[in-house]
Amino acid sequence: MKERVHSTQLKQFIGKTAVAAGWVQDIRLMGGLKFLVVKDREGFFQITLPKKAVSAEIFAVPDKLTKESVVRVEGEVKAAVQAAGGYEIIPARLEVVSLAGAPTPLDTSGKIESGLDARLDYRFLDLRNHKSIALFKLRAKMLKYVIDYFEQQGFIGINTPKLTSAGVESGAELFEVNYFGRKACLAQSPQIYKQMMVCAGFEKVYEIGAVYRAEKSQTTRHLTEFTGIDFEMGFIDSFHDPMDVIEGMFRHVIAELNKNCAKELALFNRKPVVPKKIPRLSLDEAKKLLAAQGKKIPDGEDLDPEGERLIAKIVKEKFGEEFVFLTHYPWGKRPFYHMRPVDDPKVTLSFDLVWNGIEVSTGAQREHRYEVLKAQAKEKGLDLDAMKDYANLFKYGAPPHGGAGLGLDRFVECLLELDNIREGILLPRDPIRLTP
């Protein structure tokens, strides 16, 4: 049997015989001439059936076909400007591999829009179009470029447990699991393990893996399961070091996408801007800029979504950048393990990265001094020594360290300016959706 080729390879077979296959996108019956428009992963091709040039058996095939049926064809390839994809195949053999039921629950051509819930219910059909495939090609490339960047920077990739006991970020956001009669949780962060590996001597680590949050948020930006990109680095001089790393990562990934994925980005009318130098503003500085625009944020409070959108607008006008780091978040709004500056213990050496008004990453320098960490935990009403596995990290030599985390899914949403984060995930999970 001849090897199957994709639609984009048909150019190499003009005047020769080739085997191609795919899903029927359109059926045209015109008396003595019939056409099938077929799509595969890479594009379209046309099967042309002139009554005088094919057998009666083959000529009858389109009469019983339905859209989305799977067909396999073998025949001569011809260049045809008017044909879908620019090439047609005159069939010597035409096989109906799988006949699709009619009508289909969704129109995969994009001519008839469906609501997001219906699209997610029949996700396999919803994804059967070239724009969706382009999206997930982009997502896969983003992951590759993230990994490439961390490897180039000397980070070691790790894989940490997703079944854990309650960790340092325990709270209402944890999913509980019955673990052979004991209570376990789905990991909401690899935080403790990242720090553990830095203290183990790995020095610089990254992980890409599933993250779980038991948040009952039905927004366009939140999920209960998402893909996290996390890193931690030791022997840092300040919390600017992890900011430098994440800035470099965004610069690298966006530049590589523009260089290698222009065709896919064009389907979303996107050519994302590579940041030159991301501004870094303390939260107090940001609040002053917002106040000048009539938006007042109370002391000790974080920015709300409206504040994030407005500060992004101000930064773009003032600095010409779509990104901004907001730093020095209040101690009351950050976890106990974030380091505080000696001269201003009301704030932390922490940061958020905001892209076009959407928070895409959070990070900080961690407190590595055991006694200071123990006191900070106590301030938050926690007993550090009760968190034995975490406390032990700081008893036997912990270097100054820091890191950050971001969601790949939100990265995709912002990159392509999607209306809903769920569009950029194969099978999203939120408080309502647990299938398919």
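The backbone N, Cα and C atoms fix where each Cβ goes, glycine too.
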Site co-member for ATP according to TrEMBL, given R213, A214, E215, R221, H222, L223, G407, L408, D409, R410, out of E264, E285, E359, E367: E359
Inter-residue C-alpha distance, R366 (L-aspartate binding site) and H222 (ATP binding site) (nearest angstrom): 26
Recorded ATP binding residues, R213, A214, E215, R221, H222, L223, E359, G407, L408, D409, R410 - maximal Cα separation rounded to whole Å: 19
Cα-Cα distance linking T362 (L-aspartate binding site) and R410 (ATP binding site), given in Å to the nearest integer: 13
Cα-to-Cα gap, T362 (L-aspartate binding site) vs E215 (ATP binding site), nearest whole Å: 17
Structural state census, the region 'Aspartate' (191-194) (DSSP three-state): 4 helix, 0 strand, 0 coil
L408 (ATP binding site): tally of other CB atoms within 10 A of its CB: 19
